[in-house]
Amino acid sequence: MRLPRRAALGLLSLLLLLLPAPEAAKKPTPCQRCRGLVDKFNQGLVDTAKKNFGGGNTAWEEKTLSKYESSEIRLLEILEGLCESSDFECNQMLEAQEEHLEAWWLQLKNEYPDLFEWFCVKTLKLCCSPGTYGPDCLACQGGSQRPCSGNGHCSGDGSRQGDGSCRCHVGYQGPLCTDCMDGYFSSLRNETHSVCTACDESCKTCSGPTNRDCGECEVGWVLDEGACVDVDECAAETPPCSAAQFCKNANGSYTCEECDSSCVGCTGEGPGNCKECIPGYAREHGQCADVDECSLAEKACVRKNENCYNTPGSYVCVCPDGFEETEDACVPPAEAEATEEESPTQLPAHEDL
């Protein structure tokens, strides 16, 4: 059964609506839009800082018309550059809030020099001051001055969202990010600051920076005379790697590497560490080297006129160009022709009439 065109398009539209939106396609929050508008306004201030009215007599213009620095002309130039023509939501916000920006510029900027704080936080109530969160701009965990003890990020910090809880940086944990995770130790702790430093790689827990300060050894290390030392897995009675591999120890672990192609088993990298050589190779100067079967006293190719060519681990027997190949020899062209001429031609038998 074939769906009608309109029904098919409707089904496709429904499927597209049900698909989850990609992360990059998420719309900015109202706070982010407000902050973006303020950032562009501040950039406009920088871009117009050294400009003037552009006439021939700047001194007269500033004396008669007021200074460009605080003029409406400068404000209009800044406002014109705030939004791209295609950014509908930016232009919508600018159109709705242009009177606020004009009021701040002409009357309030000296009293409230921080445009973001006055515009986005206090006037539009879209954002919060740094260190505060949520609809009522409450202080983050640990206080607004140093949220999360300076060791994490406050959920909703600077916005009207989030719950103010701490998301700790790596190495820290706890409600205020003052405790150290496993693998870290407290190198500084007082009423205002907590600093966690990474343990030695051999320690799972520790009280200091060396392998002698471990409370518990990490996997791949073992306690030996008061210190966590690396376990050499390669020295185990039962090797951890296959017969065609050799073991390479590493701190806290090991790797299995392939033996050289000339080896039957090996103890390390290259043809010099073979336990035995594969057929076609023999130990020479301490390593497995290709045997040149073509140079041996006993000929490898036994047919007459046959050429021998060595290959890695083997050899091939080939007749020269122009020679014919038989079971016992490589026959030169002249001999092959003579043999054909000497062969008697069998005539068909005739019956007596």
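A Cβ is built for glycine as well, from the same backbone N, Cα and C atoms used for every other residue.
Taken from TrEMBL as is:
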type: SIGNAL; residues: 1-25; note: signal peptide
type: DOMAIN; residues: 136-178; note: domain 'EGF-like'
type: DISULFID; residues: Cys168-Cys177; note: disulfide bond
type: DOMAIN; residues: 290-331; note: domain 'EGF-like'
type: REGION; residues: 331-353; note: region 'Disordered'
Task = Rank the disulfide-bonded residues Cys168, Cys177 by the number of other Cβ atoms within 10 Å of each Cβ and report the first-ranked residue.
result = Cys177
Task = May I have the DSSP-based helix, strand and coil counts for the residues of the domain 'EGF-like' (290-331)?
result = 3 helix, 17 strand, 22 coil
